[in-house]
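To start, the structure under review is shown below, and the notes come after it.
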Ligand SMILES: O=C(CO)[C@@H](O)[C@H](O)COP(=O)(O)O
Ligand SMILES: [Fe+2]
């Protein structure tokens, strides 16, 4: 498996003191920064636009791991690539789980020089993607219903991780398996044991000392 990456989700950043928290992130061992984009349609919440991503990109050395939870995935993939995404992950469900459309958007994202990610909600099976993992850089398994931070981890999602990990190892692929939702030191350990190499965590990291939270996840490997 690849090196373990921790991607703190800025959805849980304390926006009453952003400067202090961004400084802590900038000096942390986190390699990616998870940037959740929500449009109020695909999920019942609204978050950040491209100007905010530009600001984070200037302020932080981390790679920008952008997770778009939007209906119009094609349009907003380009909008957030233009704004500085290093990893662009869209939802399979936003493209009605149409495999041709999913693979075509992955190819487009890669052509733009960005890592392409495909995310699946808890009710979406992983099987249709298993033969196509070489065509994406990241498989993002949601372990909560998308839309909000602070929810409980759905342990049943680890079956998807195990299936994808077995396929990645069998084929010698470099595709990452990222997990998002309810990750803390305990659930993170389960996720790593199941085959995840990329952990998103929001409330767990920002509700304690940021460096301690990140380091406690990085040492799971
Ligand atoms: O995409 C999402 C939620 O839709 C996540 O990235 C959350 O921000 C994770 O937050 P925690 O569950 O770790 O608090
Ligand atoms: Fe996310």
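Each Cβ is built from the backbone N, Cα and C atoms, and glycine gets one as well.
All TrEMBL annotations are machine predictions without curation.
Since we're looking at a predicted model, the values are computed, not measured.
Feature annotations, courtesy of TrEMBL:
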ACT_SITE  36  active site, proton acceptor
ACT_SITE  180  active site, proton donor
BINDING   9, 67, 147, 148, 149, 150, 180, 181, 182, 202, 203  substrate binding site
BINDING   34, 36, 67, 180  divalent metal cation binding site
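Close to the residue listed as 'active site, proton acceptor', meaning Cα to Cα within 10 A, are the following binding-site residues out of 67, 182, 203: 67. Among the recorded positions listed (34, 67, 180), 34 has its Cα nearest to the Cα of residue 9 (substrate binding site).
Classification of residue 147 (substrate binding site) by DSSP places it in coil, neither helical nor stranded.
Ranking the recorded positions 147, 149, 180, 203 by the distance of their Cα atoms from the Cα of residue 34 (divalent metal cation binding site) places 180 first. A helical conformation is recorded for residue 203 (substrate binding site) in the three-state DSSP classification. In this structure, the CA atom of residue 180 (active site, proton donor) is 10 Å away from the CA atom of residue 67 (divalent metal cation binding site).
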